[in-house]
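The annotation topological domain 'Cytoplasmic' is assigned in Swiss-Prot to 1-6 on the grounds of sequence analysis. Sequence annotations record features per position, and here Swiss-Prot assigns transmembrane segment to 7-29 based on sequence analysis. Residues annotated as topological domain 'Lumenal' in Swiss-Prot, with sequence analysis given as evidence: 30-363. Look at Swiss-Prot and you will find 44-55 tagged as compositional bias 'Basic and acidic residues'. Annotation source Swiss-Prot lists compositional bias 'Polar residues' at 56-69. Residues or ranges marked as disulfide bond in Swiss-Prot (evidence: similarity to another entry): Cys91-Cys115, Cys232-Cys246, Cys300-Cys301. Positions annotated as UDP binding site by Swiss-Prot, on the basis of similarity to another entry: Met94, Glu138, Gly139, Arg140, Lys146, Asp169, His309, Tyr310. What Swiss-Prot lists as Mn(2+) binding site is Asp169, Asp171, His309.
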Amino acid sequence: MASKSWLNFLTFLCGSAIGFLLCSQLFSILLGEKVDTQPNVLHNDPHARHSDDNGQNHLEGQMNFNADSSQHKDENTDIAENLYQKVRILCWVMTGPQNLEKKAKHVKATWAQRCNKVLFMSSEENKDFPAVGLKTKEGRDQLYWKTIKAFQYVHEHYLEDADWFLKADDDTYVILDNLRWLLSKYDPEEPIYFGRRFKPYVKQGYMSGGAGYVLSKEALKRFVDAFKTDKCTHSSSIEDLALGRCMEIMNVEAGDSRDTIGKETFHPFVPEHHLIKGYLPRTFWYWNYNYYPPVEGPGCCSDLAVSFHYVDSTTMYELEYLVYHLRPYGYLYRYQPTLPERILKEISQANKNEDTKVKLGNP
């Protein structure tokens, strides 16, 4: 009798569970609930580098947003073009063989075109893409080792080709023009680096890996030298924290990347995670990691934002359109901080030289 009652109880539990699941599915359909295709970033590990890849947002081919320039023919890009020459940035993008087609090619088709030089760093060489083969293994525990080898490769082959050296992931979107404005105030021969500054574990703080970080030429030299002299080691698997510790050991300053009114420019998540209040729960690690008090909502982000992380391939093109194409008619930019006097003089002199050429009839 007792065993029959126990069997009935188990049958009741199973039936209840199945009924609950069926009802949940029914309500989802009736209410038109959408499947969340955004990356799952609400993990407990602040150093988890890449979004959970569910395969839903992969695009088959690249898109060329610059193919139709009919609405940009009278656009004045003089300042941006001058900064491109004055503030030279080499970008290297952390990727892997499995991500060249899924992610890296969309970086290549969008923001990477504005780098003075761009390199895609993988564990294996790919001459067609192309990607540099660092001869490492793949996996999160290899990220710092890949980072060290990538910077060593850049130092050996491209040290004189740029003034600043940006590391980004293949799911990071970067606005290079805003980064050049930020860096224009600084001397690349000084030991300094910039990114989204976190505070735990390192006295001066360190830069979030996902939001990307940029080293001055002198900072790059010191970082590479640190491993020649054994002042730093490659034993850690936590890339951004380990690099931050090494920077502090080598007396490389953790710079303040906020804009002139104190708003953050480097962002470790996609825009909506910063802009929408309540998206990131207060128990989330992010709130305790920021070096400067974080702001939630529209005040979170500078109008001259530099980067966003966990950007899937679809959002990569959405950001490209929003940043470089969408404009409200009849508005001039409200927030346009001035350039350093040194840069302004150089631009003015360049324009004078160009005017002289025109007057003399030279092309």
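In case you wondered, yes, glycine gets a Cβ from its N, Cα and C as well.
Just so it is clear, the model here is predicted, and its values are computed rather than measured.
Positions of Swiss-Prot features highlighted on the structure.
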| residue | record | CB count, 10 Å |
| --- | --- | --- |
| Met94 | UDP binding site | 25 |
| Glu138 | UDP binding site | 16 |
| Gly139 | UDP binding site | 11 |
| Lys146 | UDP binding site | 21 |
| Asp169 | UDP binding site | 25 |
| Asp171 | Mn(2+) binding site | 29 |
| Cys300 | disulfide bond | 19 |
| Cys301 | disulfide bond | 20 |
| His309 | UDP binding site | 27 |
| Tyr310 | UDP binding site | 24 |
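Here His309 (UDP binding site) is compared against the recorded positions Cys115, Asp171, Cys301, and the shortest C-alpha distance is to Asp171. Cα separation, Cys301 (disulfide bond) to Asp171 (Mn(2+) binding site), rounded: 19 Å. Annotated pair Cys91 (disulfide bond) and Asp171 (Mn(2+) binding site), C-alpha to C-alpha distance, rounded: 14 Å. The most densely surrounded of the disulfide-bonded residues Cys91, Cys115 is Cys91 (count of other Cβ atoms within 10 A of its Cβ).
Between the C-alpha atoms of Asp169 (UDP binding site) and Cys115 (disulfide bond), the distance comes to 14 Å.
Every protein chain considered, the tally of other Cβ atoms within 10 Å of the Cβ of Cys232 (disulfide bond) stands at 23. Our reading of the UDP binding annotation (Met94, Glu138, Gly139, Arg140, Lys146, Asp169, His309, Tyr310) yields a largest Cα to Cα distance of 20 angstrom. Cys300 (disulfide bond) sits 17 Å from Tyr310 (UDP binding site), taking the CA atoms of both as reference points. In terms of Cα distance, the recorded positions that sit within 10 Å of Tyr310 (UDP binding site) are Asp171, chosen from Cys115, Asp171, Cys232, Cys246. This prediction places the mean pLDDT of the topological domain 'Cytoplasmic' (1-6) at 54. Look at Cys246 (disulfide bond): DSSP puts it in a helix.
On the backbone, the CA of Asp171 (Mn(2+) binding site) and the CA of Met94 (UDP binding site) stand 9 Å apart.
A straight line from the CA of Cys246 (disulfide bond) to the CA of Lys146 (UDP binding site) spans 15 Å. When the Cα atoms are compared, Cys232 (disulfide bond) and Lys146 (UDP binding site) turn out to be 15 Å apart.
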